[in-house]
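Novice: Below you'll find the structure I mean.
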Amino acid sequence: MKKVNIAIDGPAGAGKSTVSKEIAKRLEYTFINSGSMYRAIAYNAIMHDVDLDNENSVTETLKSVEIELKLDESVWINGRDVSNAIRAEHISHGSSTIAKYQKVREFVVSYIQNMTKANKGFIIDGRDTTFKLMPHAEVKIFLWADAQERAKRRQLQNETMGFKTSYDEVLLDVKLRDEQDMNRKVDPLHKTEDATLIDCTNMSFEEVVLEIIRIVDLTIVKANNEK
């Protein structure tokens, strides 16, 4: 075995996407951000003046939308690049709202599983990756950091992308999303028994990346020795 599939789960703002991108780059894997699908669905609904609290209306938008997650990490809706637009804070909040809907989750799961079916070398991040999107991934990571640290990171990301938000606003949003994600009826956020917990609150970016790569290497060595 030369490559495995890697699923990185955890709460919003833990650094899943940033870490996943770097690991994909170093290991020459294909990175897929499942959260981008939910953001794209929320963005499309908002652009059509759909009330995100109306599950039936949001579900109806899925019938006419074409979303593409490209290998260069860009996100397209009906032929238009929306990669930057979907990173806005209100879209981020909206994605957490629509992510609790059964049909929306089924739409995302089907899309991503079709991409990764019968192939290795994918790294996918999201808040249900280890138990829903890639339940058979050889490497499963649950990346955690406390809410205050995650808010700091998200605020820095927002500033880098030109979005004006205060730390208090971001912290409130992080806590709200935790509440929504952990208590939703469909696929609530949780750590699976076979996932490795990494608390990165006091870890550097490099330390997190190297720890996950170490786990990947050990998994591949173990699999090859069992042949």
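Backbone N, Cα and C define each Cβ position, glycine as well.
The model shown is predicted, which means the values in this text are computed figures rather than measured ones.
What TrEMBL records for this protein is below:
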type    : residues                                                      : note
BINDING : Gly10, Pro11, Ala12, Gly13, Ala14, Gly15, Lys16, Ser17, Thr18 : ATP binding site
DOMAIN  : 6-216                                                         : domain 'Cytidylate kinase'
Novice: Apart from Gly10, Pro11, Ala12, Gly13, Ala14, Gly15, Lys16, Ser17, Thr18, which residues in this chain have a Cβ no more than 8 Å from the mean position of the Cβ atoms of those residues at the ATP site?
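Specialist: Nearby residues not in the site list: Val19, Asp125, Leu143, Ala145, Arg150, Arg153.
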Novice: If H, G and I count as helix, E and B as strand, and all else as coil, what does DSSP give for Ala12 (ATP binding site)?
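Specialist: In three-state terms, Ala12 (ATP binding site) counts as coil.
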Novice: Far apart in sequence but close in space: which same-chain residues, 6 or more away, have a Cβ under 8 Å from Lys16 (ATP binding site)?
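Specialist: Residues satisfying the criterion: Ile8, Asp9, Gly10, Gly35, Asp125, Gly126, Leu143.
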Novice: Would you mind checking how many other C-beta atoms are within 10 angstroms of the C-beta on Thr18 (ATP binding site)?
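Specialist: I count 15 other Cβ atoms within 10 Å of it.
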Novice: Taking the Cβ of Ala14 (ATP binding site) as the reference point, list residues of the same chain whose Cβ is under 8 angstroms away and which are at least six residues distant in sequence.
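Specialist: Ala14 (ATP binding site) has long-range Cβ partners Leu143, Trp144, Ala145, Arg150, Cys200.
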Novice: Tell me which residues of the chain lie with their Cβ under 8 angstroms from that of Ala12 (ATP binding site), as long as they are six or more apart in sequence?
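Specialist: Within the chain, Ala12 (ATP binding site) has Cβ neighbours under 8 Å at Ser92, Ser96, Arg127, Arg150, Arg154, Val174, Arg177, Asp178, Asp181.
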Novice: Take every residue in the domain 'Cytidylate kinase' (6-216), average their pLDDT values, and give the whole-number result.
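Specialist: Mean pLDDT for the domain 'Cytidylate kinase' (6-216): 92.
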Novice: Going by DSSP, is Thr18 (ATP binding site) sitting in a helix, a strand, or coil?
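Specialist: Reduced to three states, the DSSP call for Thr18 (ATP binding site) is helix.
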